[in-house]
Amino acid sequence: MSWPATPESDAERRLAGDAGWGLLSTPTSPGGTPCQEAADSDLWFAERTADVERAKTLCRTCPVREACLAGALDRNEPWGVWGGEVFQDGVVVARKRGRGRPRKDESAA
């Protein structure tokens, strides 16, 4: 997948951020970055926990992972996977909780 000159979808706009589009539009490796190569840019803003974990896994091999995370922290990103970390309400969280009411016994998850 090659990225357009400007972000078109909502997910591409979120991935681009205010300063992030330059990072994404300039591949730093022959294959680009995982978020550039993914068939679905919504993966980095997924609701399903399994999809969020997949996005985090793809980030592990990214050559701009540290810069992506630093940029997300600087921009106070409200949500999504940035630099292999999950953001919720502008804070890095260990894992994303699934939708709906939490289980009474968290160990059952």
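For all residues, glycine too, the Cβ spot is worked out from N, Cα and C.
Marked as region 'Disordered' by TrEMBL: 1-37. The domain '4Fe-4S Wbl-type' annotation in TrEMBL covers 34-92. The annotation [4Fe-4S] cluster binding site is assigned in TrEMBL to Cys35, Cys59, Cys62, Cys68.
For the binding-site residues Cys35, Cys59, Cys62, the greatest number of Cβ atoms within 10 Å around a candidate Cβ is found at Cys35. Cβ-based neighbour count (10 Å, all protein chains) for Cys68 ([4Fe-4S] cluster binding site) stands at 25. Apart from Cys35, Cys59, Cys62, Cys68, the residues listed for [4Fe-4S] cluster, the same chain places the Cβ atoms of Thr33, Pro34, Leu58, Val64, Arg65, Val81, Trp82, Gly83, Gly84 within 8 Å of the centroid of those Cβ atoms. According to DSSP, the domain '4Fe-4S Wbl-type' (34-92) comprises 31 helix, 10 strand, 18 coil. The average pLDDT computed over the domain '4Fe-4S Wbl-type' (34-92) stands at 90.
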